[in-house]
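Visitor: From Swiss-Prot, here are the annotated features:
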- Cys22-Cys186: disulfide bond (DISULFID)
- Cys105-Cys190: disulfide bond (DISULFID)
- Asn19: N-linked glycosylation site (CARBOHYD)
- 1-32: topological domain 'Extracellular' (TOPO_DOM)
- 54-68: topological domain 'Cytoplasmic' (TOPO_DOM)
- 90-107: topological domain 'Extracellular' (TOPO_DOM)
- 129-147: topological domain 'Cytoplasmic' (TOPO_DOM)
- 169-202: topological domain 'Extracellular' (TOPO_DOM)
- 224-259: topological domain 'Cytoplasmic' (TOPO_DOM)
- 277-282: topological domain 'Extracellular' (TOPO_DOM)
- 303-345: topological domain 'Cytoplasmic' (TOPO_DOM)
- 33-53: transmembrane segment (TRANSMEM)
- 69-89: transmembrane segment (TRANSMEM)
- 108-128: transmembrane segment (TRANSMEM)
- 148-168: transmembrane segment (TRANSMEM)
- 203-223: transmembrane segment (TRANSMEM)
- 260-276: transmembrane segment (TRANSMEM)
- 283-302: transmembrane segment (TRANSMEM)
Amino acid sequence: MGSNSSPPAVLQLCYENVNGSCVKTPYSPGPRVLLYAVFGFGAVLAVFGNLLVMISILHFKQLHSPTNFLIASLACADFWVGVSVMPFSMVRSIESCWYFGRSFCTFHTCCDVAFCYSSLFHLSFISIDRYIAVTDPLVYPTKFTVSVSGICISISWILPLAYSGAVFYTGVYADGLEEVSDAVNCVGGCQVVVNQNWVLIDFLSFLIPTLVMIILYGNIFLVARQQAKKIETVGNKAESSSESYKARVARRERKAAKTLGITVVAFMISWLPYSIDSLVDAFMGFITPAYIYEICVWCAYYNSAMNPLIYALFYPWFKKAIKVIMSGQVFKNSSATMNLFSEQI
């Protein structure tokens, strides 16, 4: 009498014939191709979109401003996420294996954390910049100079790189979790297990700047509403050239603040699920299913691809700069001094 039971599934390993290899749990062909397309598109957009932002701001002299230099540096951080983090995380997420070695796993994790915090620092300084620009637009050029912007950029790179290097190359993040760490660190894996103390520090490092940005942008839009009422009042009277100039400057700064406010909101929405998930896992015993964790991770990664899309939607100068770059006009000697703004202020 024949048996109806199916043969047992063959256990797949990341490295066949290697002791201590991680178990491989690959997707079926259809979802696998779809995931490579979705994740790959995000990586390509993060690389080339942010490269366009950097080229635009650094090439066109009209865009050389303290705020735009901060935006270019933010784009640089997102660019490196697309180059050094997303492609390798894509393979790990889809193949459920890490094929790039233990040393590169540590380097990859450092880059992941450093560029995330670099983005957060940049957005915090941009929020301060916009707050000063909107609340005191005429004094702003003397307060937030290119030199000040350079200091902010330096801080936004040096502190995150030093922090991530110190934490992940010393191994302090796993103190007290040696047994758990040994259990998940099989050959072909790149899972970082972080103890409660460091997860709490990371969460507060995300939460505190986020709350500061929310407060700053809340004040920005309150001031913007007051300015709009004043401009409407002035518009109903015979306005002097000085009042007209103030109104145009205020209008420009409000528009810039709105666009960058959207960028901040996008960052918060992208990173909040991952931050909460990390906190829950650390204090609840790593209970999050793998697929939920991957969704949270890739929501965070996709933030690096979103900023160029936001700029393209809300910044006419960026659209024009893209056309000039893609058409090859950027190689003309006169392109650096080209006017990218349709209206004068």
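All positions are counted from 1 along the displayed chain.
Any Cβ shown, glycine's included, is placed from N, Cα and C.
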Visitor: Which of these disulfide-bonded residues is closest to the residue listed as 'N-linked glycosylation site' if you go by CA atoms: Cys105, Cys186, Cys190?
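Guide: For the residue listed as 'N-linked glycosylation site', the closest Cα among Cys105, Cys186, Cys190 is found at Cys186.
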Visitor: Round to the nearest Å and give the CA-to-CA distance linking Cys186 (disulfide bond) with Cys105 (disulfide bond).
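Guide: That comes out at 12 Å between the alpha carbons.
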Visitor: Run the contact check on the transmembrane segment (148-168) against the transmembrane segment (69-89): 3 or more C-beta pairs under 8 Å, excluding pairs closer than 6 in sequence.
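Guide: Yes, the stretches contact each other.
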Visitor: Across all the protein chains here, work out how many other Cβ atoms are within 10 Å of the Cβ of Cys186 (disulfide bond).
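Guide: The answer is 19 other Cβ atoms.
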Visitor: Cβ pairs under 8 Å with the transmembrane segment (203-223): which stretch of 69-89, 108-128, 260-276 has the most?
Guide: 108-128
Visitor: On the 0 to 100 pLDDT scale, where does the topological domain 'Cytoplasmic' (129-147) sit on average?
Guide: 88
Visitor: Let's see if you can do this one: DSSP helix, strand and coil counts over the topological domain 'Cytoplasmic' (303-345), in that order.
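Guide: Helix (H, G, I), strand (E, B), coil: 31 helix, 0 strand, 12 coil.
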Visitor: To the nearest whole angstrom, state the Cα distance for the pair Cys105 (disulfide bond) and Cys22 (disulfide bond).
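Guide: That comes out at 15 Å between the alpha carbons.
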Visitor: When a 10 Å sphere is centred on the Cβ of Cys105 (disulfide bond), how many other Cβ atoms does it contain?
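Guide: Neighbour count, Cβ to Cβ under the 10 Å cut-off: 19.
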Visitor: When you measure from the Cβ of Cys22 (disulfide bond), which residues in the chain that are at least 6 apart have a Cβ under 8 Å away?
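Guide: When sequence neighbours closer than 6 are ignored, Cys22 (disulfide bond) has Leu13, Cys14, Tyr15, Ser96, Cys97, Trp98, Cys186, Val187, Gly188, Gly189 within Cβ distance under 8 Å.
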Visitor: So which of the recorded positions is most packed in, judged by how many other Cβ atoms lie within 10 Å of its Cβ, out of Asn19, Cys190?
Guide: Cys190
Visitor: What are the DSSP helix, strand and coil residue counts for the topological domain 'Extracellular' (90-107)?
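Guide: Residue counts in helix, strand and coil order: 12 helix, 0 strand, 6 coil.
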Visitor: Go ahead and report the DSSP secondary structure tallies for the topological domain 'Extracellular' (169-202): helix first, then strand, then coil.
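Guide: So the counts come to 19 helix, 1 strand, 14 coil.
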